[in-house]
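*Asks:* Feature annotation from Swiss-Prot assigns active site to H109; the stated evidence is sequence analysis. Taken from Swiss-Prot, the feature NADP(+) binding site covers Y26, G27, S28, Q29, R49, S52, S54, D84, E85, Q86, Q87, G135. What Swiss-Prot records for D192, E228, E232 is Mg(2+) 2 binding site, and it gives sequence analysis as the kind of evidence. Annotation source Swiss-Prot lists Mg(2+) 1 binding site at D192, E196, citing sequence analysis. What Swiss-Prot lists as substrate binding site is S253. What Swiss-Prot lists as domain 'KARI N-terminal Rossmann' is 3-183. Residues or ranges marked as domain 'KARI C-terminal knotted' by Swiss-Prot: 184-329.
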Amino acid sequence: MSAKMYYDRDVDTQVLENKLIAIIGYGSQAHAHAQNLRDSGFNVVVGLREGSSSKAKAEQAGLRVASIEDATKEADVVMLLIPDEQQPAVYEKSIAPHLTAGKALAFGHGFNVHFGRIKPPADVDVFLVAPKGPGHMLRRVYTDGAGMPGIFAVQQDASGKARDIALAYARGIGCTKAGVLETTFKEETETDLFGEQSVLCGGVTHLIQAGFETLVEAGYQPEIAYFETLHEVKLIVDLIYEKGFEGMRHSISNTAEFGDYVTGPRIITDQTKAEMKNVLGDIQSGKFAESFIKDAESGFPYMNEQRSKMRDHTVEKVGKELRDQMPFINKKELEV
């Protein structure tokens, strides 16, 4: 049975009328949520820590800014959109003391609730709304009059209206224009982490890096290797995004399609899939969450080491030089 998609026509936004929504943070997702909700006619306040460099940006966008504590006190719905590793401490210090009965606590990702790092009181609603794309794109498609697909979930329904509130929120940021699916905190967290690690981030970047290194080590020009293993990825992914695998294969040459069939299984083997299952197991057991939290609490020594190593890789240096010569690439839209 196909999963049900919810659209604008399925949502009654009256549940959020005359309510105040606090967006905690003003990063990639938060700036888009705040501006989209405001432009949809909802009352919004942005909660930021004292001295936050984001205050000027939020105010420049025409948004009211308050401390996290004051925003939580005032608001009926509190959406926590700061980095996962920062949420528990901010929640305990600045949100929990002011999260009174009848309010709703919302998330863009289920990580901290699912892994027990944030435990909301029983007398508040708890839900998540997660657009399936980066914040700058969420904002762009909204201003273009379109929407971005998303998912929503209810963890706790103290008011009996948590689901309606979640859907109204999803409509406010533009997701129900494209359609939203209902899920659970468990499913959203585990599938999101798996997708990021095995395919979207870990899988893609390491596949590109291995391909680039193979060509360069064989004596080919790094610039040519960059075009063949990294630059053209977007062209293929865009075809898959718009038309699926079949549509993509219809759009490429017979040579490329034949190579796809005979070589793909040599790169992504049964062993690769078996390792993907191990990765999923580490996510489900909480092992990945533990390692992430441990690194975060130590100041991210492992992650900073990896960032430094990747920054010095030839593919990054060559890529920067080539991208600087491509005026059609919009670099500013990635800035928050």
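Glycine residues also receive a Cβ, built from the backbone N, Cα and C atoms like all the rest.
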*Asks:* Rounded to a whole number, how many Å is the Cα of E228 (Mg(2+) 2 binding site) away from the Cα of the residue listed as 'active site'?
*Replies:* 34
*Asks:* Can you check which residues sit near H109 (active site), meaning Cβ under 8 Å from its Cβ, same chain, 6 or more apart in sequence, and list them in order?
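*Replies:* Non-local contacts for H109 (active site): D84, L128, A130, E188, T189, D192.
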*Asks:* Which of the binding-site residues S28, R49, S54, E85, Q87 has its Cα nearest to the Cα of E232 (Mg(2+) 2 binding site)?
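*Replies:* Smallest Cα separation from E232 (Mg(2+) 2 binding site) among S28, R49, S54, E85, Q87: S28.
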*Asks:* Which whole number of Å gives the largest C-alpha distance between any two of Y26, G27, S28, Q29, R49, S52, S54, D84, E85, Q86, Q87, G135, the residues noted as binding NADP(+)?
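*Replies:* 20 Å is the greatest Cα spacing among the residues binding NADP(+).
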*Asks:* Taking 10 A as the limit, how many CB atoms besides its own sit near the CB of S54 (NADP(+) binding site)?
*Replies:* 17
*Asks:* Please name the residue among the binding-site residues S28, Q87, S253 whose C-beta has the most neighbouring C-beta atoms within 10 angstroms.
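*Replies:* Highest number of other Cβ atoms within 10 Å: Q87.
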*Asks:* Please work out which residue of E85, D192, E196, E228, E232 has the most C-beta neighbours within 10 angstroms of its C-beta, and give that one of the binding-site residues.
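*Replies:* Output for this query is D192.
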*Asks:* Using the structure shown, find which entry in Y26, R49 (the binding-site residues) has the sparsest Cβ neighbourhood within 10 Å.
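*Replies:* Each of the binding-site residues Y26, R49 was scored; lowest Cβ tally within 10 Å is R49.
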*Asks:* Taking every residue in the domain 'KARI N-terminal Rossmann' (3-183), what is their average pLDDT?
*Replies:* 97
*Asks:* Taking the Cα atoms as reference points, how far is S28 (NADP(+) binding site) from E196 (Mg(2+) 1 binding site) in Å?
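*Replies:* Rounded to a whole number, the Cα-Cα distance is 17 Å.
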*Asks:* Whole-number Å only: compute the distance from the Cα of E85 (NADP(+) binding site) to the Cα of the residue listed as 'substrate binding site'.
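*Replies:* About 45 Å separate the Cα atoms of these two residues.
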*Asks:* What is the number of residues in the domain 'KARI C-terminal knotted' (184-329) that are helix, strand and coil, as DSSP sees it?
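*Replies:* Counting residues by DSSP class gives 123 helix, 0 strand, 23 coil.
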*Asks:* Give the distance between the Cα atoms of the residue listed as 'substrate binding site' and E196 (Mg(2+) 1 binding site), rounded to the nearest whole Å.
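*Replies:* Distance (Cα to Cα, whole Å): 30 Å.
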